[in-house]
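K.L.:
TrEMBL feature annotations, pasted as is:
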COMPBIAS  1-29  compositional bias 'Basic and acidic residues'
COMPBIAS  30-39  compositional bias 'Low complexity'
REGION    1-46  region 'Disordered'
TRANSMEM  114-136  transmembrane segment
TRANSMEM  156-183  transmembrane segment
TRANSMEM  189-207  transmembrane segment
TRANSMEM  219-236  transmembrane segment
TRANSMEM  308-329  transmembrane segment
TRANSMEM  350-368  transmembrane segment
TRANSMEM  374-392  transmembrane segment
TRANSMEM  399-417  transmembrane segment
TRANSMEM  467-488  transmembrane segment
TRANSMEM  494-515  transmembrane segment
Amino acid sequence: MNSPNRGEESPKEEPDRDKDAAEESESKRLLPSQSPSLSSDDENEVAFESREKVVIVDLETPESILNVDYVPPFSWKKLWLFTGPGFLMSIAFLDPGNLEGDLQAGAIAGYSLLWLLMWATVMGLLIQLLSARVGVATGRHLAELCREEYPTWARLVLWFMAELALIGADIQEVIGSAIAIQILTNGALPLWAGVLITASDCFVFLFLENYGVRKLEAVFAVLIATMALAFAWMFGDTKPNGKELLIGILVPRLGSKTIRQAVGVVGCVIMPHNVFLHSALVQSRDIDPKKRGRVQEALNYYTIESSVALLVSFMINLFVTTVFAKGFYGTKQANNIGLVNAGQYLEEKYGGGLFPILYIWGIGLLAAGQSSTITGTYAGQFIMGGFLNLRLKKWLRALITRSFAIVPTIVVALVFNTSEASLDILNEWLNVLQSIQIPFALIPLLTLVSKEHVMGVFRIGPTLEKLAWTVAALVIVINGYLLLDFFVSEVKGLLFGLFICIWTAAYIAFIVYLISRGGALPSTWFSIELSKRFSANGT
């Protein structure tokens, strides 16, 4: 009998080896997959370098060291350390485009759409929590995961669509800031000058980022507080009807004349670039995705923080809507009011005083515009870096990202500087541009957050999956209504109509591809339908 080789294991050791292998395989299955290609900061683009992340200080206990599932008890200090990403995310709910939707909803529909504003914010919160879940559980943001999930051609299309959405949002935000600067300088600075001043926020962003994530978050907190104080001052100054306000929040009402405003309120909730942004921002905290307890702890804190942040954003949107509902609902100016002339109408309605409402509006609008343009720069870096895996110097990447939006915005400011009506039409086209992009952020997000090999034990369950797809479908259908309504009223001419038909066919085909590519719709829905059909055939 030949003796076993030196490297060969005895039969007694084989069961132990098989047991260890099985445990290791189960561990890998339950944990989110970590691609080897993303293990090194030097080889691939990452949202935050290790040295940039906020360290979550915690006292190690024997249980926390030995048990990867251990979730430490709640701590106010830790909540403070996790506070920041949700408030940066919430700024997209407060950008000038949203404020214009708020004031038009108030002026045309009065208090009747406040309930919809509240539930739209809740829907937005659900989507943003899923975005944060992807970022925390995988250690990678949505753009990076899309780069791995889809083939090159689809990845490039998704990147192009995300960039288009970002450019559209950025133009609105920069124009909003420029309008605010024009108000605060009594018209001394033209719109294009305000655009150039706003463009400098790119360098302000880079300057602040050098001092660390927490300093940058503190600046955004100041800007949000400025918005809250300005619009709360206006709310107190105009004294809206408290009873009608409460009825508007609690009692759902929707008239035939306010459907367009209702669609606009819901359509403004999901900003495509914001879905990508939040999944990256949550990685600014040092969390080990291999420790399930720490991941769950982070998700718990981010849920609290994001909920508070969107509660603040809801209150600010509520202030704006009720101010214009009180002042202009049922008046002849209601259908003509927009971001450009809102300050002028406020001044005519409420006059001057110690602090003229025109300048209070201008301050709030400037804070909204500046904060949203800086977060746009932030989002642009993550989108470009994640999809294309570009490792560029931060100043160069920010400059490229900012140029994509600033160059067309300057052209817009020069062309539309003297025409309020033209700016309103432009704003409608920009809303359409962003509405078109919504499926290309939501479908990849819901596809990835439902996959076990991506999320591990943190993949969402069947109930939440159905709820998320219902919300996503609702948002997509509502924005589809906006698109249909817009194209029916604006598309004229056979050639242009033919182009729109061809483009629409390609657009729908790509959405179907994204859904089918990831098996995105909940499998339980299909199984229920199949069981119904089999039972029907059986009878």
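Including glycine, each Cβ sits where the backbone N, Cα and C put it.
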K.L.:
Most CB pairs under 8 Å with the transmembrane segment (189-207): which of 219-236, 374-392, 467-488, 494-515?
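P.N.:
Looking at each of 219-236, 374-392, 467-488, 494-515 in turn, the most contacts to the transmembrane segment (189-207) are made by 374-392.
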K.L.:
Among the recorded stretches 156-183, 308-329, 350-368, 467-488, 494-515, which has the greatest number of Cβ pairs closer than 8 Å to the transmembrane segment (374-392)?
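P.N.:
Going through each listed stretch, the top one turns out to be 156-183.
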K.L.:
I need to check the long-range neighbours of the transmembrane segment (494-515): which residues 6 or more away from its ends have a CB within less than 8 Å of a CB in the stretch?
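P.N.:
Counting only partners 6 or more residues beyond its ends, the transmembrane segment (494-515) has Cβ contacts under 8 Å with 154, 157, 436, 439-440, 443-444, 447, 487, 521.
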K.L.:
Taking 156-183, 219-236, 308-329, 350-368, 467-488 as candidates, which has the most Cβ pairs under 8 Å with the transmembrane segment (114-136)?
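P.N.:
Result: 308-329.
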K.L.:
For the transmembrane segment (219-236), find every same-chain residue at least 6 residues outside the stretch whose CB is under 8 Å from a CB in it, and list them.
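P.N.:
Same-chain contacts beyond the flanks: 87-88, 90-91, 94, 208, 312, 315-316, 319-320, 322-323, 346, 355, 357, 360-361, 363-364, 367-368, 370-371, 374-375.
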K.L.:
For the transmembrane segment (350-368), could you work out the same-chain residues 6 or more beyond its ends whose Cβ comes under 8 Å from its Cβ atoms?
P.N.:
91, 94-96, 99, 173, 176-177, 179-181, 183-184, 223-224, 226-227, 230-231, 233-234, 237-238, 327, 339, 342-344
